[in-house]
């Protein structure tokens, strides 16, 4: 669809979302639109520093975890000594951007609101790593902490996965991977999914929404996919197109959050409708007036803070 045929999104978003969009960081260089992925990663990390400030303090530990691909960094956020469960967080960034620093505030708030240990996994980015390496690294980290739970003083009897955007896909894909391959890493009590993509190739919201303001034009989405997948056949893998997986049985309880003006919104709606149709435990909540990636902006947006609280509350209700 031609850009002029799309909705005038920036006129329709909420007042608090407009404030975020109009927030300038004078010390930031311009976005390197034609730069290398390395330059874009560097910019993204710098840009997120402002939004990560002021997060709650808590005990934090970092560990390198062995996988068949090499060492992967993890970061543990421990709000209390006797955590009722452990929640693994997978950051978004289109599979090509992001790290544990860019999503630090999100993980800290999630730990604070749930009172569970949150473990961020710094999976290898694409295109250096191709599907399914990130999922295999996440699963390896889960297995490692399950085996070493006593040494690390964490509760791995009940676990969960959480993620935003591409991280939401990785969160649900990892939970399904554990189920399908019958890997025991503790009971998966819940999965928290904020504005993820789950396998649609086209949709109404993808046609009407997406632009330079969110980095989710049709061309952007194609670029992320080409960086992440190894070959064309991967598009139909049940761990990339999650709608090709069996969503009729033993899916952990899912909290599915949608942003009103997100081109990926129909992915979330379809996931919810599919799970609900097959009596799989799930909850869907739409956050009005929001753009994709709004979870980052809790410094300025009450809605972002609410979305994190909602996810934390859903998870603790499953314990």
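Note: Cβ is positioned from N, Cα and C throughout, glycine not excepted.
Taken from Swiss-Prot as is:
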ACT_SITE  165  active site
ACT_SITE  262  active site
ACT_SITE  292  active site
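Overlay of Swiss-Prot annotations on the structure.
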residue	record	DSSP (3 states)
165	active site	coil
262	active site	coil
292	active site	coil
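Taking the Cα atom of each, residue 292 (active site) and residue 262 (active site) are about 5 angstrom apart.
Long-range Cβ contacts of residue 262 (active site) within its own chain (separation 6+, distance under 8 Å): 195, 205, 209, 214, 216, 290, 291, 292. Using a 10 Å Cβ-Cβ cutoff, residue 165 (active site) registers 28 neighbours. Packing around residue 292 (active site) is summarised by its Cβ count: 24 other Cβ atoms lie within 10 angstroms of its Cβ, all protein chains included.
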